[in-house]
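Listed features, source TrEMBL:
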- His187: active site, proton acceptor (ACT_SITE)
- Asp42, Asn105, Val129, Gly130, Asn131: NAD(+) binding site (BINDING)
- Arg92, Arg98, Asn131, Arg162: substrate binding site (BINDING)
- 5-152: domain 'Lactate/malate dehydrogenase N-terminal' (DOMAIN)
- 156-270: domain 'Lactate/malate dehydrogenase C-terminal' (DOMAIN)
Amino acid sequence: MPEPVRVLVTGAAGQIAYSLLYSIGNGSVFGKDQPIILVLLDITPMMGVLDGVLMELQDCALPLLKDVIATDKEEVAFKDLDVAILVGSMPRRDGMERKDLLKANVKIFKSQGTALEKYAKKSVKVIVVGNPANTNCLTASKSAPSIPKENFSCLTRLDHNRAKAQIALKLGVTSDDVKNVIIWGNHSSTQYPDVNHAKVKLQGKEVGVYEALKNDSWLKGDFITTVQQRGAAVIKARKLSSAMSAAKAICDHVRDIWFGTPEITVFRESSCPWALSLMATPTVFPMI
């Protein structure tokens, strides 16, 4: 078997990581013959919870999971990494101004970027999930100048998956039958889901989404607002933010970085030029 891939997940005691870790450990991301060493990082007050996550991963008896390391120390967590999935960040709390949120996250991602620079492999692939993802990605990249900028990316795949799913549901097909959907802008309610180049497979034939749906008013109205506000709708319904779908999007994102993507590609550039977020069939272009 190949040498184990060393994968870090930060915020590992949180709900997104709880939905993510099993998929990494069972081969769904890096392949069914690829051993994994999982490194779990969280803040010191969460170490008791993290011990519980560690026990559950052990109890899963996953044959590909060669080791699990739970720590609150960056020098342990970032050592010799192949992949770093930076999920943990400071959430926005009631009464917190945006500048306060940015200031708190700059501190976190500057520290983690410095740790990447000091301890990780120079070939490490870094995926930033914690919001604001593009700003956090820029901060981490700037703090790790010897790691190529094209090794850094941030997550918009969740928005893309949401857009694909809405099209598929409307047409009564599977999400795999929909391709070339683009998300412009940030992971926020100001994003713009773009289906002008999107295609769908119907009865064995690919057609444009506009032609397939014949419902321009929905595509230009409710479709866009549904995707833009999906996160808020999930919070309203379950009183918690998206976790299962976010974890699935991370898996899709990392898998495409690791294995490459189909020949036909669509990519989305973040409004922050240092941060690139992957789409369904992405090409990762170096960040300018």
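Just so it is clear, glycine is given a Cβ too, placed from its N, Cα and C backbone atoms.
Just so you know, TrEMBL annotations are computer predictions that nobody has curated.
Positions of the features from TrEMBL, shown on the structure.
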residue	record	Cβ neighbours (10 Å)
Asp42	NAD(+) binding site	23
Asn105	NAD(+) binding site	21
Val129	NAD(+) binding site	28
Gly130	NAD(+) binding site	24
Asn131	NAD(+) binding site	21
Arg162	substrate binding site	22
His187	active site, proton acceptor	21
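If you average pLDDT over the domain 'Lactate/malate dehydrogenase N-terminal' (5-152) in this model, you get 94. In sequence order, Asn131 are the binding-site residues from Asp42, Asn105, Asn131, Arg162 with a C-alpha within 10 Å of the C-alpha of His187 (active site, proton acceptor).
Counting only the Cα atoms, the space from Arg162 (substrate binding site) to Asn105 (NAD(+) binding site) is about 26 angstrom.
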